[in-house]
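J.: First, the structure itself, so that you have it in front of you.
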Amino acid sequence: MLPRWELALYLLASLGFHFYSFYEVYKVSREHEEELDQEFELETDTLFGGLKKDATDFEWSFWMEWGKQWLVWLLLGHMVVSQMATLLARKHRPWILMLYGMWACWCVLGTPGVAMVLLHTTISFCVAQFRSQLLTWLCSLLLLSTLRLQGVEEVKRRWYKTENEYYLLQFTLTVRCLYYTSFSLELCWQQLPAASTSYSFPWMLAYVFYYPVLHNGPILSFSEFIKQMQQQEHDSLKASLCVLALGLGRLLCWWWLAELMAHLMYMHAIYSSIPLLETVSCWTLGGLALAQVLFFYVKYLVLFGVPALLMRLDGLTPPALPRCVSTMFSFTGMWRYFDVGLHNFLIRYVYIPVGGSQHGLLGTLFSTAMTFAFVSYWHGGYDYLWCWAALNWLGVTVENGVRRLVETPCIQDSLARYFSPQARRRFHAALASCSTSMLILSNLVFLGGNEVGKTYWNRIFIQGWPWVTLSVLGFLYCYSHVGIAWAQTYATD
C-alpha cells in the first residue's frame, strides 16, 4: 500500500490533467465553432444558456430522439403493467409482460418488425431442437449475416418512412440475436428428455420480448432470467418507490452531464474533421481522447441505467453498470467491467465452449481470438472493428502473458526479495500506463474509426517521440495508480 499522501498526489494530478485538457478542448470548440457549425450543423437549444450542441454522436442523438417520441412512454407503460401484474396476477406476470413487449414492439416497429423478431426467434428455436451447439451457432451467425445483406436491407427500408425506424429494427434484431442464442444454447445443454418446462417456446418468447432490454440491452442470460423471473419474492411498494426515486435521480444527473459535455466540448465534430484534429495541440488531443471515452461511459450509464432500473423494479438483478473508464488500466479490466452483460455472454457461450484456458497456451489464444472475432462481427464487421478487435486481442494476450510470467515462483521470489511492496506497486503502475495508452488508442479506433486512430498514433508515438510520448505515459502512470487503488477498493466492497 502506498502512503496516503502519494495516492492523494496521483489523484490530484489525474484530476488536474482531466480538467486542464478539457479546458483546452473547450477553447478549441469555441475557436472553431462557426467552422464546425457550417460543416456539421450544431444544434441550438436553451438547456445551457443558448450554447450550441454537438449532435454528431449518432447513438446518443438516435436514442434521445426515440426516447422523446416513444420509448419513455412505452417503458413507463411496462413499469405500470409489471407492478399491476405483480399485485393482481403474479403467476401470470411473465406472460403479461411478454404480451406487453410484443405490443410495445409493434408500436415502434410495426407488424413487419414484430414478424422479423418472431421469425428469427422461431428459426433459432427449431434449430435448437437438434441439441447441437454447432448448429445453433451456425444458425445465429446466418441470421446475423442477413442483417447486412444489401437486398434484405432495401426490403426492410421500404417498410418504414424514416431511416430512424429502419435503424431501430436493425439494433433490435442485433441485440435479440444474443438473446435467442442464449436460450438455444442453454436448451442444447439440457439432458434429454428435458424435464423442465422452462425451455419451452413460450418461455423463449417471454425472454426475447422482455421490453426493457428489447432494443439495446443490456444482456442477461436466459438461465439468470428464468431463475429470477420465477422467484416469488418481490420488494414492497415502499421499497420499489425508493428504488425508483433514487434511480431516476441518478439517471437525470447522468443525462445532464452527457448533455453538458456535448454543449461545452464538440469532440465528436472535431473527430469528424481529420484536418482540424491534425492541427490541434497535444493537450487538446489528450483532452479529446479523455472526453470521447468519458462521454461514451456516461452515455451508457444512461442507456443501460434505464432498463437496469426497470429490471430492479421487476425483481431482476441487472448486469452491473459500466465502471468509470478513468479508473481502467488494462484491456482485461475494460472488458470485464464496462459491458458486464456482454462480457458474461462471451465467456459463457463463446470463450469456454471453444476451449478457454483448459487447452494450453494455443487453446487460450484461439479461444480469445474467436471471442473477439465474434464481438467484432456482431457489432457490424467493418474494417475499423476488425482493427479494434485485433488490438484488444493483442492487448489481452500480452497482459495475460506478463501476468503469468510475474506469477511464476522464480519471478515472485525475486520481486519479493529485491523490491518492497511499494516499489512493486509503482512497477505495476508503470506497466499499466503502457497498457492504458494502447487501451485508449483501441477505444478511439472503436469510437472514431481507423483515421482517428492513425492520427493519434502518428502524433503521439511517431511525431511526438520522445517527449510527448513520455509525457503521456507519465500522465497515465498517475491514472494507473488511481485505477489500481480503485480496483482494490472495488474488490473489497
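Keep in mind that glycine also has a Cβ here, set from the backbone N, Cα and C atoms.
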J.: Under Swiss-Prot's topological domain names, is Leu277 on the same membrane side as Ile484?
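T.: Taking the topological domain names from Swiss-Prot at face value, Leu277 sits across the membrane from Ile484.
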J.: Within the same chain, where does the transmembrane segment (68-84) have neighbours whose Cβ lies under 8 angstroms from its own Cβ atoms, ignoring anything closer than 6 residues to its ends? I mean 6 or more beyond.
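T.: The answer is 93, 96-97, 100-101, 104, 107-108, 211-212, 215, 240, 306-307, 310, 313-314.
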J.: Which sequence positions outside the transmembrane segment (364-380), separated from its termini by at least 6 residues, show Cβ-Cβ distances below 8 Å to it?
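T.: Here the qualifying positions are 141, 144, 148, 174, 177-178, 342, 346, 350-352, 354-357, 386, 388-390, 392-393, 396-397, 400.
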J.: Quick check: do the transmembrane segment (6-22) and the transmembrane segment (463-481) share at least 3 Cβ pairs under 8 Å, counting only pairs 6+ apart in sequence?
T.: yes
J.: If you count Cβ pairs under 8 Å, which stretch among 384-399, 428-448, 463-481 touches the transmembrane segment (282-310) the most?
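T.: Selected stretch: 428-448, with the most Cβ pairs under 8 Å.
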J.: Which sequence positions outside the topological domain 'Cytoplasmic' (218-243), separated from its termini by at least 6 residues, show Cβ-Cβ distances below 8 Å to it?
T.: 83, 86, 90, 93-94, 175, 178-179, 182-183, 186, 198, 203-204, 206-207, 210, 304, 307-309, 311-313, 315-319, 339-342, 344-345, 348
J.: In this predicted model, what is the average pLDDT of the topological domain 'Cytoplasmic' (184-202)?
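T.: For the topological domain 'Cytoplasmic' (184-202), the model's average pLDDT rounds to 82.
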